[in-house]
Amino acid sequence: MGKEKTHVNVVVIGHVDSGKSTTTGHLIYKCGGIDKRTIEKFEKEAAELGKGSFKYAWVLDKLKAERERVITIDIALWKFETPKYYVTVIDAPGHRDFIKNMITGTSQADCAILIIAGGTGEFEAGISKDGQTREHALLAFTLGVRQLIVAINKMDSVNWSEDRYNEIVKETSNFIKKVGFNPKAVPFVPISGWNGDNMIEATTNASWYKGWHKETKEGKATGKTLLEAIDAVDPPTRPSDKPLRLPLQDVYKIGGIGTVPVGRVETGVIKPGMVVTFAPAGVTTEVKSVEMHHEQLPEGLPGDNVGFNVKNVSVKEIRRGNVAGDSKNDPPKGCDSFTAQVIIFNHPGQISAGYSPVLDCHTAHIACRFDELIEKIDRRSGKKVEDSPKFVKAGDAAIVRMIPSKPMCVETFTEYPPLGRFAVRDMRQTVAVGVIKSVEKSDKGAGKVTKAAQKAAKK
């Protein structure tokens, strides 16, 4: 096996008919974690149903059904390998809560793959009328995704026309530049997801195609296929050197063991013997043990979903949405208010001070009041366009001071990204997204410090 490969997370975006499912399905099918038995089973069913040509998208539909049926997602279904990386597709697009998932999502995407339909008329529809592609690209950029790959799909439907390809590259470059990406750093790859052309092996249908190239701070890279473009992603840095932040997903009471909070380590490291503080609950105690998949761990690192056993704390004292951190190293605190850059997506009316929607930030789900609209800004450059606007509407971006209706723990986006981005939910949809610029933390003295914590401190 040799050295473990680095893990990278990609998110696939694009218009609803761009062929995202087919393309994603193809990569997973050819390079992925689906075992051969499952594939044979699907192929047999496909043949019986007269879907004999076996469309990759159909595999993906089957996987989606499995994924929705099985509560513990078999994430192998959403992984594939490149020579350098293990790649996880964070969200199968087309998902209703795509936007919310990208924000509160299990992980920060390291790279976005934008799939563009190259068919006559399709490209134009995807980019112009339907704002969805733009919205998703803007969202990825706002949430700190700086690496992008553009796959120009359905090239078979335009006979691999060089003119058509160049036209789309030009238009798409303008489009992504408006969003904030640098086109020089973006590989453009012509593909046919349906036929699997130029996805894994270089196409033989386009003698004119000399390959893609990109230039980033890390240097230059070139290649032919989509797989090579994914393999050329700059390796992500994982924040294990930062102080611990672990938002709780659940808290269990387990007979014979006691209280076991569960969650994903976002930054830092959690170890047995560490004294942790839960915010905003204000409870401090010692970590007895850390485990993942029913195995004891010497430490939990960023990205690990862990359960940890804590002493002298009842299930009633801590809950989902609380954040655990190291009591000796920038411990987390609750906040009285925070200031954020908010982009309004799809709200039918005008939003003014006093608006109180629900915020989803990491695992917390709490109503917050838009207390003051400080300024309206240009959503690309971040420059101020208006002081103290009376209201904001869909398409606007603003700096807003927000007050949570009950104690919550958030951080600035620059220091702790997963705790500094949020979705604004109202009318059963995501109406806005935000990144937190500053936090007014509440200094409500130390809360409960357990005997175990005091003992551990003396060691």
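Heads up, the Cβ atoms here are built off N, Cα and C, so glycines get one too.
Values in this document were obtained by computation on a predicted structure and should not be read as measured data.
The GTP binding site annotation in Swiss-Prot covers 14-21, 91-95, 153-156. Residues or ranges marked as domain 'tr-type G' in Swiss-Prot: 5-240. Sequence annotations record features per position, and here Swiss-Prot assigns N,N,N-trimethylglycine to Gly2 based on similarity to another entry. What Swiss-Prot records for Lys3, Lys316 is N6,N6-dimethyllysine. What Swiss-Prot lists as N6-methyllysine is Lys3, Lys30, Lys316, Lys390. Marked as N6,N6,N6-trimethyllysine by Swiss-Prot on the basis of similarity to another entry: Lys79. Here Swiss-Prot flags 14-21 as region 'G1'. Per Swiss-Prot, region 'G2' is recorded for 70-74, and the stated evidence type is similarity to another entry. According to Swiss-Prot, the feature region 'G3' maps to 91-94.
Shown on the structure are the features that Swiss-Prot records.
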{"residue": "Gly14", "record": "GTP binding site", "DSSP class": "strand"}
{"residue": "Lys20", "record": "GTP binding site", "DSSP class": "helix"}
{"residue": "Lys30", "record": "N6-methyllysine", "DSSP class": "helix"}
{"residue": "Lys79", "record": "N6,N6,N6-trimethyllysine", "DSSP class": "strand"}
{"residue": "Met155", "record": "GTP binding site", "DSSP class": "helix"}
{"residue": "Lys316", "record": "N6,N6-dimethyllysine", "DSSP class": "coil"}
{"residue": "Lys390", "record": "N6-methyllysine", "DSSP class": "coil"}
Inter-residue Cα distance where the pair is Gly14 (GTP binding site) and Lys79 (N6,N6,N6-trimethyllysine), in Å: 20
Tell me, how many other CB atoms lie within 10 A of the CB of Met155 (GTP binding site), whichever protein chain they belong to? 29
Going by C-alpha distance, which of the recorded positions Gly14, Lys316, Lys390 is nearest to Lys30 (N6-methyllysine)? Gly14
Between Lys316 (N6,N6-dimethyllysine) and Lys20 (GTP binding site), what C-alpha distance do you get in Å? 44
For each of Lys20, Lys316, count the other CB atoms within 10 A of its CB; which of these recorded positions has the top count? Lys20
From the binding-site residues Gly14, Lys20, Met155, pick the residue whose C-alpha lies nearest to the C-alpha of Lys390 (N6-methyllysine). Gly14
Please determine which of the modified residues listed here (Lys30, Lys79, Lys390) has the lowest count of neighbouring CB atoms within 10 Å. Lys390
Around the Cβ of Gly14 (GTP binding site), other Cβ atoms within 10 Å, all chains included, total 25
Average pLDDT across the region 'G1' (14-21), rounded to a whole number: 71
